[in-house]
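Okay, structure first, notes after.
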Amino acid sequence: MFGFIIQRLLATIPVLGMVAVFVFLMLRLTPGDPAAVLAGDNGSPEQVAEIRESLGLNEPLVVQLGIWIGNILQGDFGQSYFFKKDVAELILLRVEPTLALATTTLIFTIMVAVPIGVIAAYKHGTWIDRAVMAFSVAGFSIPVFVLGYILIYLFAMQIDLFPVQGYKSITDGFWPFLHRLILPSITLSVIYIALIARITRASVLEVLGEDYIRTAYAKGLTPNAVLLKHALRNAAVPIVTVIGIGIALLIGGVVVTESVYNIPGLGRLTVDAVLGRDYPTIQAIIMVFSFVYVMINLLVDLTYSLLDPRIRY
Amino acid sequence: MTDQTSTPPILEIDNLTVDLPDGNDRRHAVDGVSISVGPREIVCLVGESGSGKSVTAFSVMGLLPKGQLTPSGGAIRLMGENVLEASDERLRELRGARMSMIFQEPMTALNPTMTCGDQIEEVLTTHTSLDQAAREAKILDILEQVQLPDPPRMAASYPHQLSGGQRQRIMIAMALVLEPVLLIADEPTTALDVTTQEQILKLIKDIQRTHETAVLFITHDFGVVAEIADRVAVMQWGKVVEEGPAEAVLKRPHEPYTKMLIGAVPSFTPHGRAREAKAPVVLATDALCKTYGGGGFFQKARAVNAAQDVSIEVRRGETLGIVGESGSGKSTVARCIARLIDPTSGHIYLHNDDIAQASQTRLRALRRRVQIIFQDPYRSLNPRRTVGASIVEGPMNYGMGAKEAYERARSLMSLVRLDPGALDRFPHQFSGGQRQRICIARALAMEPDLLIADEAVSALDVSVQAQVLELLDDIRRRLDLAMLFITHDLRVAAQVCDTVAVMHRGRVVEYGEAAEVFGNPQHDYTRALFAAAPGRGFDFGSAAALAAG
């Protein structure tokens with residue numbers, strides 16, 4: 001087990017290396033010049049050239065890449081072109097809102113999706129099952145930004161239950177913090193609830209047909225005990241896999257949701273950095289996200305061995 | 001047998017009828033069945049698949065799938081209490097405590113994510129208010145009683161860490177820990193090796209005596225019936241067609257169906273047909289070895305010698321049987337010969353070509369000459385293609401025109417005694433035995449020199465099995481084929497094989513003419529195998545002759 005973790009952690013090095021090179025080249029291959037953005041609409045060609053020179057953008061690509069990677073290895077992600085700040089500091093400032101949003105979304109998703117999936121499987125073929133499936137299809141189909149605005153309109157403008165937009169740090173008190181996160185979390189969770197409920201239903205349904213479920217009933221267990229003690233744990237591996245993928249995808253959803261609800265998190269930072277052609281910031285954010293992906297995958301794999309004694313590393 | 005007039009029965013099934021959903025070939029899965037099981041009595045319920053024997057057993061436990069099968073008439077009385085009228089809650093109280101059940105597949109009947117001890121403990125926490133210490137003591141005691149070694153270690157083990165026989169012992173322990181008055185055993189030894197089967201049957205018998213349990217034992221195997229039953233009820237199409245004491249039913253069956261079933265059980269006496277010693281050798285292996293595993297880069301993997309030093313030969317027009325228990329390496333050998341897996345070392349001569357290490361391009365030309373029929377006819381045909389498409393696929397891959405290929409498919413369908421007009425149907429429209437015939441036709445379409453039958457009749461009912469065996473033998477004779485017949489069933493081997501190789505732990509421990517091996521086994525393992533075969537004291541072949549005469 002310990003050896004497996006070390007092995008996997010070592011394996012992140014080549015992964016992140018490849019991501020670094022790929023991101024660096026992709027950004028420089030896409031059109032748009034950071035110097036032109038910084039110079040503004042009225043900047044003269046001379047000014048633009050001057051800025052390019054000062055940012056080091058005139059160096060050959062390989063040299064730029066070398067300098068960037070060399071700096072990362074020393075823990076320096078560089079200066080943001082746009083915000084004129086250390087990128088590391090910039091990201092740290094924005095981590096809290098995103099982390100908060102992702103966590104509440106995840107908790108809400110699991111609390112809703114797993115139970116309704118299990119119930120749908122148990123009540124397979126009844127109206128409850130069909131209702132859950134219908135919700136699932138609707139959840140998949142509705143875009144995050146549309147749902148976001150609908151919820152704002154209903155719950156923030158028509159009945160004044162939640163604030164329209166904004167974010168308060170947890171240091172300002174738990175309720176104000178949570179109050180502003182509820183609508184964004186629901187918005188973001190709907191698609192994941194749809195996805196995870198479906199997988200839970202399919203997975204539990206398959207397990208309910210297994211011989212050991214029949215054995216459990218033959219022992220005189222109640223349906224609840226059979227579902228919770230025997231079915232759910234055996235159905236858990238695919239569910240955890242999808243939750244893992246869901247967390248990874250969540251980061252994409254965060255970008256939109258943070259814009260809709262005006263939350264100053266990493267998602268908003270990403271949008272701003274892309275619009276400003278802020279190479280160092282974009283590169284750093286993607287590196288951070290990739291690292292998070294790799295760690296989530298490791299966590300998911302470790303969870304497998306907790307759930308299923310047959311899986312050992 | 002017990003005296004039934006003085007003691008009331010433990011279980012009394014009285015005129016039970018269970019409905020099938022609409023649109024089936026018959027209206028009732030179980031139709032007016034009456035069976036009773038007295039105290040300390042083992043009643044065997046025998047029948048082929050679809051006879052309703054399992055449905056009867058599941059009705060007693062109240063475990064029929066809801067909405068699909070519904071008991072519509074009669075009564076099932078467990079010590080006088082009608083379980084068909086019991087509430088769900090009352091049924092749960094009875095299950096596991098008063099009546100319990102063990103199942104066919106010990107590999108899948110236990111929850112893989114719970115330790116065996118926890119699974120037994122669950123029965124105790126559900127039905128009793130014993131404290132932790134008392135529960136643990138009871139678990140260790142019952143594990144001791146089912147003769148598992150080192151009970152504390154067994155209790156802490158997960159199912160996948162145990163063998164099939166050990167898992168079935170865990171199931172039995174779980175079923176008997178609360179000393180139920182009735183044990184229902186649904187084909188509990190069918191999935192086990194013959195030596196393990198012998199031990200489990202003995203265990204059920206012993207434990208049934210000490211606990212004075214009534215046993216309803218479901219089986220399709222008359223060997224098992226001869227071994228364990230006090231009384232027998234034979235079922236066909238949802239009805240009990242014959243019932244009586246085991247001795248009487250086995251030796252003097254009245255009903256034609258019972259006679260047919262008993263007659264279809266293959267005899268141990270080899271057929272003893274003459275061999276043509278000068279026929280050319282089609283297949284020979286020389287010191288064939290297959291090793292699985294070996295060191296990985298990060299993990300230390302254990303190397304398993306699945307087959308070691310296997311040297312066998314098959315002549316044209318002759319059948320070689322490879323007999324062994326699961327894990328003996330018999331299927332590994334078959335798969336190496338067909339080059340579905342690559343042998344580690346040794347030689348495989350097909351006529352004079354050594355194909356053991358032949359490249360994929362060379363193999364392609366050779367593939368046609370070796371064909372396999374697999375065990376499970378339900379899974380070895382593509383369900384989305386018509387059987388015609390499955391049969392012609394091979395020849396057309398080797399360049400035959402569609403018209404000619406279908407022409408051949410039609411003549412092969414007649415050869416395997418199926419309607420040639422059925423080529424455009426799908427596999428699900430055929431029964432298991434018919435599907436296996438289609439698989440045979442598919443293999444023959446390639447005009448192979450060597451036909452490998454890998455447990456090809458093991459999944460079939462005994463009456464169907466007899467027909468398919470006869471068909472295979474007929475085809476071997478008519479086409480002068482060399483056949484490699486892989487089986488775990490000694491009776492089947494005795495019926496079809498000219499020569500027999502007995503495999504044990506990857507090695508051939510005995511190899512010779514069938515009559516020699518069966519008549520005068522030399523190796524200890526071969527003798528143990530014969531000794532373990534159920535119903536060995538009962539010569540089915542001659543009994544059938546007697547019954548028929």
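Cβ coordinates are placed from backbone N, Cα and C, and glycine is handled just like the others.
Computed from a predicted structure; not experimentally measured.
Copied over from TrEMBL, here are the features:
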DOMAIN    A:95-300  domain 'ABC transmembrane type-1'
TRANSMEM  A:9-27  transmembrane segment
TRANSMEM  A:99-122  transmembrane segment
TRANSMEM  A:134-157  transmembrane segment
TRANSMEM  A:177-197  transmembrane segment
TRANSMEM  A:235-261  transmembrane segment
TRANSMEM  A:281-307  transmembrane segment
Out of A:99-122, A:134-157, A:177-197, A:281-307, what stretch is closest in contact terms to the transmembrane segment (A:235-261), meaning most Cβ pairs under 8 angstroms?
A:177-197
Do the transmembrane segment (A:177-197) and the transmembrane segment (A:281-307) come together with 3 or more C-beta pairs under 8 Å, pairs six or more apart in sequence?
no
Interface check, the transmembrane segment (A:9-27) with the transmembrane segment (A:134-157), three or more C-beta pairs under 8 A:
no
Using a Cβ-Cβ cut-off of under 8 Å, list the residues of the same chain that are 6+ residues beyond the ends of the transmembrane segment (A:134-157) and lie near it.
116, 163-165, 183-184, 186-188, 190-191, 193-195, 197-198, 253, 256-257, 259-261
